[in-house]
Amino acid sequence: MDGLRNIEKGFTIWLTGPSGAGKTTLAVKLARKLREMGYRVEILDGDTIRKTLYPELGFSKEAREMHNRIVIHMARLLSRNGVIAIVSLISPYRAVRERARKEIGDFIEVYVYAPLEVRIQRDPKGLYARAMRGEIKGLTGYDGVYEEPENPEVRVDSSRMTPEEEVEAVIEKARELGYLP
Ligand code: PPS
Ligand code: MG
């Protein structure tokens, strides 16, 4: 499509889930689809933001909360200026995600799920292997806390759905909620 389609208000698509569940994959596919539809889109990926801004931060509860607060702020700034912010962030704490919902306002929470066996099998960065060897502690979804969403707008299971089906499910929900025509 030629040119950009202006939506008055942007919104945030918040992809939460443990490491290896498929957040980044879905974020990239969603961004591509929404850009093809003519929207302004920005991906805020936790892993990338950490590496760019504070590679030494680490994964304590306090570190994660501080980092997640920064991402909430970024998503809020983008969303209120007509951009669709796609956040791909483990965001393991329910209270932090509730804060995101409250502060951003126009918000779709997507729980990106895959069973542990599947995440271990995929293990693209070798993190589960390292956790199993005891080389790292507190890997989210293995021996680290992940508080599952109770009422996400969308839940996708990447072990049963194709990324295209996941993209469709999110876009359909965005339409249903009036964020997209
Ligand atoms: S968080 O919990 O919201 O601060 O996480 P996030 O910013 O999304 O960063 C997750 C990526 O960091 C890598 N990594 C770990 N994740 C979880 N727990 C531990 N202990 C850990 N150590 C390193 C990992 O590559 C995560 O990326 P994804 O894409 O989620 O696999
Ligand atoms: Mg990722």
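Placed from the backbone N, Cα and C atoms, the Cβ positions cover glycine too.
Because TrEMBL annotations are produced automatically, they should be read as predictions rather than curated entries.
In the predicted structure, the domain 'APS kinase' (9-157) carries a mean pLDDT of 98. Marked as domain 'APS kinase' by TrEMBL: 9-157.
Other C-beta atoms found within 10 angstroms of the C-beta of SER19 (ATP binding site) number 21, with every protein chain shown included. Taken from TrEMBL, the feature ATP binding site applies to GLY17, PRO18, SER19, GLY20, ALA21, GLY22, LYS23, THR24.
In the three-state DSSP scheme, SER91 (active site, phosphoserine intermediate) falls into the coil class. Taking Cβ-Cβ distances under 8 Å and a sequence gap of 6 or more within the same chain, the neighbours of SER91 (active site, phosphoserine intermediate) are TRP14, THR16, GLY46, ARG64, ASN68, VAL71, ARG97, ALA100. Residues or ranges marked as active site, phosphoserine intermediate by TrEMBL: SER91.
With a CB cut-off of under 6 A applied against ligand 1, the recorded positions GLY17, ALA21, THR24, SER91 are reduced to THR24, SER91. For the recorded ATP site, residues GLY17, PRO18, SER19, GLY20, ALA21, GLY22, LYS23, THR24 set the reference point as the centre of their Cβ atoms, and the other residues of that chain within 8 Å of it by Cβ are ILE90, VAL112, ALA114, ARG119, GLY141, SER158. Among the binding-site residues listed (GLY17, SER19, GLY20, ALA21, GLY22), none has a CB atom closer than 6 Å to any atom of ligand 2. Within 10 Å of the C-beta of PRO18 (ATP binding site) we count 21 further C-beta atoms, all protein chains included.
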